Amino acid sequence: MSKPNRKEKNPSGGWWSNLSKRNQGCQKIVFWWLILLLPSQLGKHFWFDFSQVLGLRIDYLAPTLYLTDVLVIFLLLLWFWEKRLSVGAYCNTPLRVAVIFLFINCLFAASQPVAFLKFFKISELFFLGLYVAEKKFTRRLLPAALSLAVVLTSLLAISQFFCQSSLGGWLYWLGERHFDISTPGIAKFDWQGRLLLRPYATFSHPNSLAGFLLVALILVAAKLKFWRWPVVAVGVVAIGLSFSRATWLAGGLLLVFHLRRTSPLRNAAHASGGIYAFFASTSFLQRADLVKAAWQMIKAKPFWGVGLGNFIVRLPDFWQVAASTYWVQPVHNIFLLTAAETGLAGLAILLFFWGQTVRRVATSPSFMILAALLIIFFTGLFDHYWLTLQQNQLLLAVVFGLAWQAKTSKMKKYEGCGGTIFSRRSVG
């Protein structure tokens, strides 16, 4: 009997294998461009009646399709097609409970369109984080693309500072807005009696820019070799010129912890106290009215909250808003914002997930991921951009994805607390 020829291949199998390889290659290209374009805020706003408060158009309430959204959606579609995934493939009981809770929260919101838009944004960020957690190549591709993004963004910010205005031209297509020192509501810094324009680069605010750059530098610094110090230097200069005091202090505390070789977890409470003391007499008190409004919302709706994304919608009911767009904004604290919009139950869900993530990386040698999480936590005490602005939200999803990235081909289970955070079932 003749032996079967092992070299013979199933034509359909070979075709599918080639297609799968092309899919993988396409995913790597799209992911690389997504990371490179993370600082971009190029997008199309769609204005509806629900996007206005007190007759003012509010960016936070307008449905917006960003270039980076298109890349994320395309990337996820490639992934779903590759794995033949259903939405339930990565969902377990705790996750389903969270989804049901948020869905009901949207139904009780004063502005349901705004609430469901936020719900879809959270879903997008969740699946992006899940993608990063599963795909090992994301950790390899991240340093080069993100370091290039840091350098280009930092150079733009430095140029804006010395020009004291936006640069204009083709940078509009990367999301740079037109502004100068005389633009109403523009962020300025008083330096020895002289008002200086704080650079925005392609971000909505210098604080958002500085927080993004600091976390990005933490992620790439340890991975770079020859280009490490030039990248760090230009990023630090841009952070300095942003005059973002929260980021200055957070970065300084991190540097002290690193040089002293002490545990950031052990010193987290001291760091939080230091930041609070630093801001007690400056920007924190200037935002006290928004904090009071957040507390009033929590007292009024302690369990459900006022609805996802509805803080600004309900703000006039809890605070006499001045006729200025730049004061109609979320409370500058991501945890108060979460509690106001989703109630104490939503805050508990966020803190539980954050705690499990920190616990996961605290026992690993990856200090940089832990440091990035703590920096986000600290800066989130004094600003809202990690939950409200496109560039920071996407970077947040990437950081959480890296934290949950499995050391093996399967998602690791976190045992305890009644189950797992993520679970993988065989699909198809």
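Placed from the backbone N, Cα and C atoms, the Cβ positions cover glycine too.
Caution: TrEMBL annotation is automatic and unverified by curators.
Record features (TrEMBL):
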TRANSMEM  29-48  transmembrane segment
TRANSMEM  60-81  transmembrane segment
TRANSMEM  93-110  transmembrane segment
TRANSMEM  116-133  transmembrane segment
TRANSMEM  145-173  transmembrane segment
TRANSMEM  203-222  transmembrane segment
DOMAIN    209-351  domain 'O-antigen ligase-related'
TRANSMEM  229-248  transmembrane segment
TRANSMEM  334-354  transmembrane segment
TRANSMEM  361-379  transmembrane segment
TRANSMEM  385-404  transmembrane segment
Between the transmembrane segment (93-110) and the transmembrane segment (60-81), are there three or more CB pairs that fall under 8 A, provided the residues in each pair are separated by 6 or more in sequence?
no
Taking 3+ C-beta pairs under 8 angstroms (sequence gap of 6 or more) as contact, is the transmembrane segment (334-354) in contact with the transmembrane segment (93-110)?
yes
Whole-number mean of pLDDT values that fall within the domain 'O-antigen ligase-related' (209-351)
82
Folded-back contacts onto the transmembrane segment (116-133), same chain, C-beta under 8 angstroms, at least six residues removed
63, 69, 72-73, 75-76, 79, 90, 102-103, 106, 308-309, 393-394, 396-398, 400-402, 404-406, 411, 422
What residues elsewhere in the chain lie close to the transmembrane segment (203-222), defined as a C-beta under 8 angstroms and at least 6 residues from its ends?
38-39, 41, 59, 142-143, 146-147, 149-150, 153-154, 157, 187, 228, 231-232, 235-236, 238-239, 242-244, 246-248, 250-251, 254, 368-369, 371-372, 375-376, 379, 383, 385-386, 389, 391-392, 395, 399, 402
